[in-house]
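Here TrEMBL flags 71, 72, 73, 98, 114, 118, 267, 271, 272 as L-histidine binding site. Residues or ranges marked as domain 'Aminoacyl-transfer RNA synthetases class-II family profile' by TrEMBL: 1-357.
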C-alpha cells in the first residue's frame with residue numbers, strides 16, 4: 001500500500017530529525033499552525049497541474065466531496081484567506097497523502113511527513129526568498145547528510161524563455177512539467193515528449209533546449225540579461241533582475257557555494273509564480289551499503305503570490321514564499337547509514353532505572369521513582385515485584401540507560417541511594 005510502520009528505532013530517529021528541523025524554523029521566528037487532514041475537494045483541485053491525479057478523493061458523505069491534503073501549502077493559503085491574515089511567518093509539520101506509485105527504497109510513500117516554512121506578506125523583493133534558501137542550507141548542513149546543491153530558478157524566466165521560443169501561452173504549464181523531468185531523463189527524451197506528446201514544433205523544442213541546459217551563478221544571470229531576445233521579454237527581465245538581487249543577498253548570507261541558478265528547474269506545480277528552488281543530495285556515502293539510496297530532491301519550494309487570492313471572495317492577494325523539507329527521504333538515507341554503521345539507536349530517553357537488589361522492596365522503588373518523576377527526571381523500573389539485580393542492570397545495557405539508582409535494605413537504613421554508572425560500573429552513595 002506504499003505506507004509504512006515506524007518501529008521504535010525509526011520513530012526515535014524521526015523525532016530527532018524533526019526536532020532539528022523545527023529548531024531551525026523556530027530560530028527564524030516562525031509560529032506553528034495546524035490545518036485539518038481533510039479539505040473540500042474543490043479547495044485542492046486546479047492547484048497542482050498534472051499532479052492533481054495523485055489526490056486522494058473521498059466519496060460523497062452527507063453532501064460534501066472531500067479529499068486528503070496533498071501538501072501543506074494549499075491548506076495554508078486557504079487558512080490565510082478564511083481568516084483575512086495578510087502577514088504571517090509559520091511552520092507546519094504534518095502528514096500528507098498522495099496516490100502515487102510508491103518507491104519505498106527511494107523514500108517515496110503515499111503517506112509521509114512534510115515540514116513546511118512559509119513567509120506570507122507584502123515585503124521588499126527577494127528578502128524573504130533569500131531567508132527560505134538560508135533555512136534549507138542550515139537544515140541540510142545541520143543534518144550532515146553529505147554534499148548538497150540547491151538549484152534556483154524563476155517561473156517568470158522560464159515563461160519568458162517559452163515566449164521567445166514561440167510557445168503559445170496555453171502550453172506554458174504543460175511544457176513546464178515536461179522540462180521538470182530533466183533531472184530524471186536525458187534531454188533527448190524530454191525533447192521527444194515535448195514534440196510527441198505536448199505538440200511543440202521540433203524547432204521550438206531545440207530552441208528551449210539551448211536555454212534549459214544552462215546553469216551557473218551571477219555570471220550567467222548577467223549574460224542572460226544581455227541576451228538580445230530574453231532582455232526584450234518583460235517577464236524574463238523582471239525574473240532575471242530579481243534573481244540578481246537574490247544572489248546578492250545569498251552572497252551576504254555566505255551560502256552561494258551551494259547554490260546553482262539552473263534553467264532546467266521547473267517544479268511541476270501550477271501555483272508557483274516567481275522564484276522556485278529544490279535541494280538535491282550530490283552523493284551518498286555508501287561504502288558499506290550494497291545498494292545506494294538514490295533519493296532525488298530532499299527539499300523544495302518557491303514563491304506563490306496568486307494562491308491566497310484564489311480562496312478570497314474579493315480576490316485579495318497575499319504574496320507568499322515557502323519551503324518544504326522532504327523529511328521522509330532524509331530518513332531513508334539516515335536509516336541506511338545507521339544500518340551500515342551497526343550503531344544502536346536509543347529508543348527512549350530514560351536517564352535512570354530504579355533498581356532493588358533484594359526481595360520485598362517494591363514499595364521503596366515505587367516511592368523513589370515517584371519522587372524522580374515529580375522532579376522531572378526520566379525514570380523507569382521493571383514491572384516485577386522481585387526482579388533480580390542482574391536482570392535490571394542488563395535491561396539498562398540493552399536500552400542504553402546510563403544510570404541505575406539502587407535502594408537495598410542497607411541504603412534504606414542509612415537514608416541513601418546507591419547511584420551506579422552502568423557503563424563504568426562505578427558506584428557512589430548519596
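Positions of Cβ are set from backbone N, Cα and C atoms, glycine also.
Listed in sequence order, 180, 276, 278, 300, 302 are the same-chain residues at least 6 apart in sequence whose CB falls under 8 Å from the CB of residue 267 (L-histidine binding site). Counting every protein chain shown, the Cβ of residue 71 (L-histidine binding site) has 19 other Cβ atoms within 10 Å. Taken together, the residues of the domain 'Aminoacyl-transfer RNA synthetases class-II family profile' (1-357) have an average pLDDT of 89. Counted over every protein chain shown, other Cβ atoms within 10 Å are most numerous around 73 among the binding-site residues 73, 114.
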